[in-house]
Amino acid sequence: MSGKTESLTGPILLMRGIGKQFPGVVALDGVDFRLLPGEVHALMGENGAGKSTLIKVLTGVYEIDAGTIELSGQQVAFSSPLAAQQAGISTVYQEVNLCTNLSVAENIFIGREPRRRGRIDWKRMRARASELLAGLGIDLDVSTPLSSHSLAVQQMVAIARAVDIEARVLILDEPTSSLDAGEVEQLFDVMRALKAQGIAILFVSHFLDQIYEIADRMTILRNGRLVGEYLTRELPQVELVAKMIGQVLADLEKLHGEARAFDEPLVQAQALGRAGAVEPFTLTIHEGEVVGLAGLLGSGRTEAARLLFGADHATGGQVVYGGEPAALRSPRAAMQRKIAFLSEDRKRDGLVPELTVRENIILALQATRGWTRPVPREQQDKLVAKYIAALKISPAHPEIPVRNLSGGNQQKVLLARWLILEPRLLILDEPTRGIDVGAKAEIQRLVVELSDGGVAVLFISAELEEVLRLSHKVGVLRDRRLVAVLPNDDELTTEALMETIARGGAR
Amino acid sequence: MRRLLWPLVILALLLLVNVVFTPNFLSIQMRDGHLYGSLIDILRFGAPLMLVSLGMTLVIATGGIDLSVGSVVAISGALACLQISQDAGVAWAVALALGLSVLLGAWNGFLVATVGIQPIIATLILMVAGRGLAQLITDGQIITIVNPAYKLIGGGYLLAVPFGILLVLAVLAVTAFLVRRLALGLLIEAVGGNAEASRLAGVRSKGIIIVVYAFAALCAGLAGLMISSNVSSADGNNAGLWIELDAILAVVIGGTSLLGGRFSLGGTILGALIIQTLTTTIYSIGVPPETTLLFKALVVTVVCLIQSPAFRAKVLGRRRRPPAPGPVPGEKVRVSA
């Protein structure tokens, strides 16, 4: 008897003491999580906090190493995403995983088409699809191909499909990251309708304003551990950011004294922007100056940096380099002006894994010379040996494939690639993420050395302490907008930065 | 070189089979001042395939593929023979044929790099259209010619050695120089290994890709001259038919991944020799003609399985330690000293 009343009022999903390890990494450590029917529950945390691992554990992509999962009071263990789906846990990912070449109706019923005498009953399929979408407040011709609709509508179709498979738990993993404001509202209306039907929604988003608009409750993770569960209305944004990032109150030595005056502007971004990536921003970087960029993941940090390197095309504004407008049409064009860019995603945008350490280090230098003018082998060996020693790359062997190195050493290889070009502006996008403390300190020290030598550095990091220690001034991004540029004086603290990130606008 | 080990073993095995069936298979003699023997024949008849495969290696290393080389073989031979049949000079005919080949290759590269068509489709265009072009040049006929100077390329001898073999050696030397002495190899491997990372490192991948397709077509054009010279005729329909498939196979047997990245010119030469030796073997051991294709397919399947580290680890690993459910064999990190 009590079991029945419990299932009506208690959580539909209860995860207790969840642990998950990968070789060398504890991804989740004793995490508790619960979902109540008819609520929107936000899962919050910085990159690497364990959000996606928790979702993958819940949906049967990974098996858990410790803990229990209960669905409606019954202990479950999903062996595959399909098993989770059949038990009523449906997931809609950021990238819609539907077949865009099929019609809307086909997408909703793919794999479970209504049949009549062995043949697909198209009429009934279309009628049911229209009905389902109407229930979500969407009116469209379900026989049109999915690709003819906006991403927002595609997402609604994915949701309609998920809901129709009798979902009790709906997981929306960053559904809004590629939607515009109107589409987000449309999505939220659907979420509210589902909520009213008693479906529990787990919502992941990097946009704080959206969390505060739609979520009833939130669970915060940090470094694979549970920070806590809070009612949204009781947790101010500043506290949320503090809990996500983790406050380290101990005062670390500031490697750079204070904001100083610089005379020579090296690079100026003037109303530089790219539609859908980062709104127009204006930022001046002087010779020898370290400019920090702070902001949550997805706030436009990387996108801004890529514009300054010519990795993406700007849709507005211009870059002024050394007093003259510079058209950065490609990374090559930026490199010719001695701009270097250490990308955030080593694997995807940096390393050529099967090439050796030496080949990876000289790649950019060789690229600037073209294939007809090889860097003499002697010079290669000398340069590579110099940087292996200077950056303490280990193993100190230039001829092994770079994929055999640890993350920190791979990062140093990429740093070496750019340092041999003797850049005047070095853009470092999360250079210390995922590497051990020793390597981190070495990279920080290197930034200071470079700056003392007159190199301008744009330093992007999610770790505010690091940004504060190194930067002369800090630009704060929020929701793809540069909301403030703050001089790094005595008054600038991590708390003040967090507040700017949370609230937007200057102190 | 560890990666050349298995191709070498396979080639040795094939030669061994031949020696068993034809005891004097390995003997090389001097006849009329020319080197003569089965091994020389393999090299001589394998020369066009080796050339085409060398070009194909670089294309595959960028992550691409070139299906049009067979058609370029036909076009090149047809144009050269047409010129010679109209009393043009041999040098002019050769230059014209090779020039057109390079142009066709650059067109492939343009489609792949600049227009952004998938390599298999981009080169399929020329594979199909090229046959038509070759027949247009020969007017649908087989052009036969009599020209001793032209005959040298595919059928002649220089210093007792078949000229075709020398030509392959020369192309191999030039290619090795371009890719290993100059920096073309590094940039090709970078583009094939991680295209986006290469772009962000400033590699001009468009230029590299166009150069590579042009080079592949040049190799094919040269092979076309060789083939037409050897038979003193140009057949737009059948010259170089299916040679692209043999070339791709040679590259793969030689240890270059179809996904691009690291490549091995030596491996490709071995791969081409394996295929040519296999063809010879089929004749020498007397496989009935109606089953040759099937036989060839079976051998190629076995060769590919032997080449696969995953397969070797599975077969050998299971035999060595039956029950151990340890880490996946073959995933061990090897650090060479």
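The count begins at 1 with the first shown residue.
Here the Cβ of each residue, glycine as well, is placed from N, Cα and C on the backbone.
TrEMBL annotations: computationally assigned, not manually curated.
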Have a look at B:41-62, B:239-260 and point to the one annotated transmembrane segment in TrEMBL.
B:239-260
Which range is it, out of B:15-35, B:267-287, that shows up in TrEMBL as transmembrane segment?
B:267-287
Stretch contact, the transmembrane segment (B:239-260) with the transmembrane segment (B:293-311), Cβ-Cβ under 8 Å, 3+ pairs
yes
Tertiary contacts of the transmembrane segment (B:267-287) (same chain, 6+ residues out, Cβ under 8 Å)
3-4, 7-8, 10-11, 14-15, 17-18, 21-22, 25, 38, 41-43, 45-46, 49-50, 53-54, 56-57, 172, 246-247, 249-256, 295-296, 299-300, 303
Spatial neighbours of the transmembrane segment (B:293-311) not adjacent in sequence (6+ beyond its ends, CB under 8 Å) are 6-7, 9-10, 249, 252-253, 255, 274, 278-279, 282, 287, 330
